[in-house]
Amino acid sequence: MRDTQRPSITYVLASDVGQDRLGARVRFAYEGETLNDEGVVRHEDGRKEIVLRYGTPSEMTRRKLVTLVRNIVKSAKSSGEKRIILSLDDLYGRCSSRMVSDPTDLVSLVITNIEMANYEFVAYKSKPKDGWKFLEEVVFVGTVRFMDGIGHGRLVGNGVNLMRDLGNTPAFDLTPRRLAFEAELASTGLPVKFRALGVEEMQTLGMGGVLGVGVGSVNKPCFVIMEYMAGPPDEKPIVLVGKGVTFDTGGISIKPSEGMEEMKLDMLGGASVIAAIVTAARLGLKKNVVALVPAVENMPSGSAIRPGDVLTSLSGKTMEVLNTDAEGRLILADALAYAGKFYDPRLVVSVATLTGAACVALGTHASALFAADDAIAATMTLLAEESGDYVWRMPLWEEYDDEVKGAVGDVRNTGKSGRYGGAIAAAKFLEKASVITHPWAHIDMAPRMTSADGDHLAKGAAGDPVRLLVRLLERYTA
Amino acid sequence: MKYTFTPKALKNKDIATVTLATTASDVTVRTSDGRTVIELGVGKREEMTRRKLVNVIRKIVSLAKAANKKKVALDFFDLVFPHLHMTPTELGEMLSTNLEMANFEFVKYKSKPKEGWSTLAEVVVLGKLGSDVEKAVRKGKMIGEEVNKTRALANTPGGAMTPAILAQSAAEAAEGLPITTTVLGVREMEELGMGAVLGVGRGSDEEPKFIVMEYFGGMPDEKPVVLVGKGVTFDTGGLNLKSDTNMYEMHMDMSGGAAVIHALSLAAKLKLQKNVVALVPAVENMPSGSSYHPGDVLQGMSGKTVEVLNTDAEGRVILSDALCYAQKYKPRLVVDVATLTGAIHVALGAHASGLFTKDEELEGYFRKLGEESGDYLWPMPLWDEYESEIRGTFGDWANTGKSRYGGAINAALFLYQFTKDEKGKEAYPWVHLDIASRMTSADGEYLAKGAAGTPVRLLIKLLERF
């Protein structure tokens, strides 16, 4: 990947900053105070302030706190301010216990969101004469109780931004092999075992889904395997599976040209699980984690698969391809089968920009969550709410089984009702094609592929659900 | 359909006896003495679920029809699955409700075949049953019949179902029952300032109507439950005309209205001691020289303005007036039912309606009612984050979202604005059911093609219990 041209932010915790006048101080508006436009206010005596409104106690929520923090960064950046001073003592005093659990939680949330809001993808842009408007230093005013969350928040934020960098990198520079290389690079120096299977190894194993989808591109497919085993040897791992379609043209069932440029982001599920396992290792979590990424490019060509072709998955199930643009589920079926075959996971989570139907269903503010198990769904929903990567559960009822029954093969890769219930049919396909028997949750992150209005994040990859995955690795106990 | 109860098996040759078998497939056996026995394969009995049982019951009808039988006999206790924890009365009600639903076909516009219609005429329920079970079967029959009336109303072609006819049908449904039916015409709606209903109705030669049905069977001081149903008797989309494939079946765009009309008349028939109101804004959405236009700003009864970005998002516009009208009853609950968005169909496929409410307790309560009644629901988000989608540029609220995504959520959030009083406070607890995904029957549920009759079963359970 190219140089990101982003400086890393220095965080300072001070009990008192006295008359420090470098940078802008963040202050919350007094009751009745009228606010000017966003941005930094300069006083005649040289003081600079960022004044924002903090909601009334009854209307403030954790969600609004996230927005508030991002707004601070946005204000600083819009005025080219590189240093801000923020009182954590003040902020913590305003937060109710249902918003943040303790000082560490607050600091981690604040820093993660500062990192996310500071992010812009400028790797392919020329540096302006007056430089980039990134924040460089944040001075926190607060007691030592806020110390512990700083490192955590930064590592999580960096993990999210790693995923966004991978996603925003054009497909020309991020082929399947290149994605594998970046995953290896990110895990260098960490106790993460990296491996990538090539075409021949996948042929030996019988991964017909990945091979079939990848066969149309000159950029050969590969299968990334990352293992971070820092937990007790007898603890079953959590296996994260991420869709890594480095560019999705739709293949022979080619997509319309409008919006196709965003299809470089169709590997964000893969990038999320790579970022999550790397972050887990950086945090030194005492857990066993595996990340699997089937990486392919979906291209129309003389060698591409066609509608009507039947592929055999690693699971042994035959998959009838009715639409080559429903390719994500074909490669994920192999990966999920791999997870069951070579590990004995206590939980498998698949993450994928899988369906447009999930976007139609949920708009741009929540990823779709599928889990047959109510307890898993409840845990994931709770962790999602805490992390800021919001999800909404969708049904996986037996009534939908029929949608993916094949005529020529065991399963068909699009639902019989076409676009109706499309996200559900995709989840059903994964269930049936991979023959998954381990506890499983599936996140269709297509609605959260790019940042939404009101997120206060740079255009491009939004970063979901890296925070959720990290939190899951930290907290999941079943 | 006639139901008879007898403790012991019958030997009549004209009756098909249905038994449940643990096989996977169904077999029809002709015994040596000339009787017909239908073995309905249900697989392992311990794997039966409440949802599957509904389909098993309905399948009885389709197998009997296939065997050319007008009468079936079945052992009630064959249908008892102890692990489902259903009371005999609950099962009795479920049995007849679903037999009625499965026996329904909309043949009004078809010529009668020489051999007559293949519908079932009689069900003999075998087993030593208490009178309470027989009563439950009779009640279930009433519920099933009312569901079928809803389906018949919804199936009626647009040419034969105008707002005036829908109003007339409401009056007929209330006939002989202690229900007050009032139909507001254009002038009355003008006086009330219902600019939203009037705006949508403007393009059609058929004048819009606002149907008000009141059944006060409860205590005089008990606040009512208000049911609101979308009554677009035909939806062409208006000037934003639908494509030919999307326009098919749009005569059913009054399914929500039909459901609340019949839920209310069923409540009266069952003599529920509750106060219930049904409101149906009835319009036809047509493109013509007098149609409302994209860009028009309509002022409804609430005083808030609606910016029309798409004339085909008309359901929420007429419902906005109805939700405001509902406030005058100071209701303890308002439930609106509408075939509102294609997006809910994309979201949920054909097996669930979308459930929207800000109240988590009501969400859980309705989901449970959905499972018990068979009108299955799935909750959808009503988060504040989506509100920016529908903020208007030239009016208070826009009738479509800014992006093409989350259409069902945007529609629900639009409606939510009109459940607030003039001070911006929620005027009543509110639940919105987007039934577009369940407008017609789905494959595999053993119902005739056409209107599915949702969510009458759910609404009657609600009215009984809430």
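Placement of Cβ uses the backbone N, Cα and C atoms for every residue, glycine included.
B:Asp253 (Mn(2+) 2 binding site) falls outside any helix or strand according to DSSP and counts as coil. Around B:Asp253 (Mn(2+) 2 binding site), the C-beta neighbours below 8 angstroms that are at least 6 residues distant in the chain are B:Lys230, B:Val232, B:Thr233, B:Phe234, B:Asp235, B:Asn285, B:Gly315, B:Thr339. What TrEMBL records for B:Lys230, B:Asp235, B:Asp253, B:Glu314 is Mn(2+) 2 binding site.
Annotation source TrEMBL lists Mn(2+) 1 binding site at B:Asp235, B:Asp312, B:Glu314. Cβ-based neighbour count (10 Å, all protein chains) for B:Asp312 (Mn(2+) 1 binding site) stands at 21.
TrEMBL lists B:Lys242 (among others) with the feature active site. Classification of B:Lys242 (active site) by DSSP places it in coil, neither helical nor stranded.
Tertiary proximity for the domain 'Cytosol aminopeptidase' (B:310-317) is limited to same-chain residues at least six positions away from its ends with a CB under 8 Å from its CB atoms, namely 196-197, 199-200, 230, 232, 235, 237-242, 253, 283, 285, 287, 291-294, 298, 300, 338-340, 399-400, 411, 414-415. The domain 'Cytosol aminopeptidase' annotation in TrEMBL covers B:310-317.
The annotation active site is assigned in TrEMBL to B:Arg316 (among others). B:Arg316 (active site) is surrounded by 28 other CB atoms, counting those within 10 A of its CB over all protein chains shown. In the three-state DSSP scheme, B:Arg316 (active site) falls into the helix class.
Distance from the CA of B:Lys242 (active site) to the CA of B:Glu314 (Mn(2+) 2 binding site) is 12 Å.
Surrounding the centroid of the Cβ atoms of B:Lys230, B:Asp235, B:Asp253, B:Glu314, where the record places Mn(2+) 2, the chain contributes additional residues within 8 Å, namely B:Gly231, B:Val232, B:Met250, B:Met254, B:Val283, B:Asn285, B:Gly315, B:Ile318, B:Ala338, B:Thr339. Within its own chain, B:Lys242 (active site) has B:Asp235, B:Thr236, B:Met250, B:Asp312 as residues 6 or more apart in sequence whose C-beta sits under 8 angstroms from its own. Take the mean position of the Cβ atoms of B:Asp235, B:Asp312, B:Glu314, the recorded Mn(2+) 1 site; other residues of that chain with a Cβ within 8 Å of it are B:Val200, B:Val232, B:Thr236, B:Gly237, B:Gly238, B:Asn240, B:Lys242, B:Asp253, B:Asn285, B:Thr311, B:Ala313, B:Gly315.
In the three-state DSSP scheme, B:Lys230 (Mn(2+) 2 binding site) is classed as coil.
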